[in-house]
Amino acid sequence: MDRLVIGGRELKSRLFIGSGKFADESIIGDIVAQTGVEIVTVALRRVSLSGDGDNILRCIPKECVLLPNTSGARTAEEAIRIARLARAAGCGDWVKIEVISDNKYLLPDNNETIKATRVLAEEGFVVLPYMHPDLYAAKELERAGAAAVMPLGAPIGTNRGLKTKEIVRILIEECRVPVIVDAGIGKPSEAAEAMEMGAAACLVNTAIATAGNPLVMARAFSQAVEAGRLAYLAQPGETTEYARASSPLTGFLRS
Amino acid sequence: MHSFYEQIEAYEGFDFARFLEGVSLRQVDGVLNKDYLSPHDFLALLSPAAAERLEAMAQKAHRLTRQHFGRVIQLYTPIYLANYCVNRCVYCNFNHRNDIERRQLTTAEIEGEAEAIAATGLRQILLLTGEKPGKDALDYLINAVEIVRNHFTAVGIEVNPMDVAAYCRLAEAGVDSLTIYHETYDRAVYDRLHPAGPKKDYRWRLDAPERGCQAGFRAVNIGALLGLNHWPSEAFFTGLHASYLQNKYLGAEIGIAVPRIKAGPGAYQPESPVFDQDLVQILLAFRLFMPRAGISLSTREPAELRDHLLPLGITRMSAGSVTAVGGHIDENADDGQFRVSDERSVDAVREMLIAKGYQPVHQDWHRLA
Ligand code: SF4
């Protein structure tokens, strides 16, 4: 059986969703109900910890794993503090590390991410670091105790697709922890492509939240992720550069 | 120190009118097809030719904004703490020479204002004062910050320019964003409109956003006061300034505002009016030049226009604004710094946003104590 286990939890859905850009967060319940999504990320900076006002946490169905992220953190130290704050506020043990100190392209800072991962894994968090795809950094994150690594497919929010494909492929081959493609994926076909390559899961926010019909788009992504995974498991036939005719013209030479 | 001032100097003698007139429709279409714009591409979007491509610019600006910011709008509101001012800015009602009632909120009054605003659900606040230099003024501001941070998750200031050490003290007290408008980037016009007072020092004010970045404020917002001078060059320098800061201080979120001057009770009339269509063009050009920069829209603009501007690149809006000192707790407060045009309540703005398919966001930041 094809199982994805992260932090001791077995996940049936390999589509993770972000919650940051929806017009109305209450749609998350419908998405979860219709697609079986089990992991939802939430920016802790948007969560009202005093419990007043509209609270996004109320929109996340109980059966989901809440994955608070550290967006807004510019250093390892800030990410660590946000993660601890999330845990103290009852958001559970999972955390997605996002350390971004570049507001122009929003690229993750691998060095700071590794530092934060080391400290938080030590403290018992299930740490999922968002990273710039780089083999050395991925291996270092693994050693630091990351439960998975989350390389970007393209800069966050760009919907440009799997621009980092070659490197992500290497990470998939070399990493022992699951590789989850995060950021940049704009279309279900791109998610399917990442899954066909062997990614363990995909995290999608912008492409779903800003679609004309987010609910239908979430379904499309969920099916694409599933199709891509099936294709990976089915081990696609080899691709060749020349046609292999079923009735070869030069076959007589071999007889 | 190396500063944005040098970039401005490099444009000494640059013939804006000639450049803008020379931009062709083809050139504008070329710029619209690019992902990354050079400063001159940006300037081309401020030309009369680009005015003929507003719809195409709007479509692209809308797409980029939705992509980077999603369907969410941050809400905030100002608190006017004091209207004492040593300056004589000719366009401002708080001008030192104006015979208005001067006051400064007491600690209890600040608390009262903060409570009244927090009751509307808002969690992001902007503190404003006139310019009152000196240690007392700084201590007063720090005290105000400490009071309001118990009610709000994000605290911004819009006050006179300060040195890095003062900004550091404010950051430590809980300020996370700095807003400072350069009013006009044209040195001659600047000099004429600021006849006396410390604000006359062009360079000190120009470098204030950069000092804010150095002090480590999470967000720094800049803008020109539109209407003081020919708008294409003002918009151009604002964009250039924002991009200079963003490139140099990657960790700071640089935001832009497009305040259009309002005739205050002092009846100042803008010398270079900026019409609605011009404002739209400025907004769109900013969004295309800096796809990830936050853009704020204040209640200086009327409700109906704000609703129309919303999808063109706006990411932050003020709501329920009162520009008089103590205006939230004192119904008899005077006219304030300028007249608010969008007088809708916070609830009404929130409802409008939801009806238009946006999520009003009250909190986008946690103070890490
Ligand atoms: S614009 Fe500011 S500095 Fe100038 S007079 Fe008004 S309050 Fe004072």
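Heads up, the Cβ atoms here are built off N, Cα and C, so glycines get one too.
Curation does not apply to TrEMBL; its annotations are automatic.
1-deoxy-D-xylulose 5-phosphate binds A:A183, A:G184, A:N205, A:T206 as TrEMBL records it, and from the list A:G145, A:G157, A:G237 the residue named for this site is A:G157. Spanning the listed 1-deoxy-D-xylulose 5-phosphate site, residues A:G157, A:A183, A:G184, A:N205, A:T206 have a farthest Cα to Cα distance of 9 Å. Chain B comes close to A:G157, taken from the recorded positions A:K96, A:G157, A:A183, A:G184 by a C-beta to C-beta distance under 8 angstroms. There are 22 other CB atoms within 10 A of the CB of A:N205 (1-deoxy-D-xylulose 5-phosphate binding site), with all protein chains counted. Sequence-distant neighbours of A:T206 (1-deoxy-D-xylulose 5-phosphate binding site) (same chain, 6+ apart, CB under 8 A from its CB) are A:G18, A:K21, A:I156, A:G157, A:N159, A:G186. Of the chain residues outside the 1-deoxy-D-xylulose 5-phosphate site list A:G157, A:A183, A:G184, A:N205, A:T206, A:G18, A:A154, A:P155, A:I156, A:T158, A:N159, A:D182, A:I185, A:G186, A:V204, A:A207 have their Cβ within 8 Å of the site's Cβ mean position.
With respect to their backbone Cα atoms, A:A183 (1-deoxy-D-xylulose 5-phosphate binding site) and A:K96 (active site, schiff-base intermediate with DXP) stand 13 Å from each other.
Mapped onto three states, the DSSP output places A:T206 (1-deoxy-D-xylulose 5-phosphate binding site) in helix.
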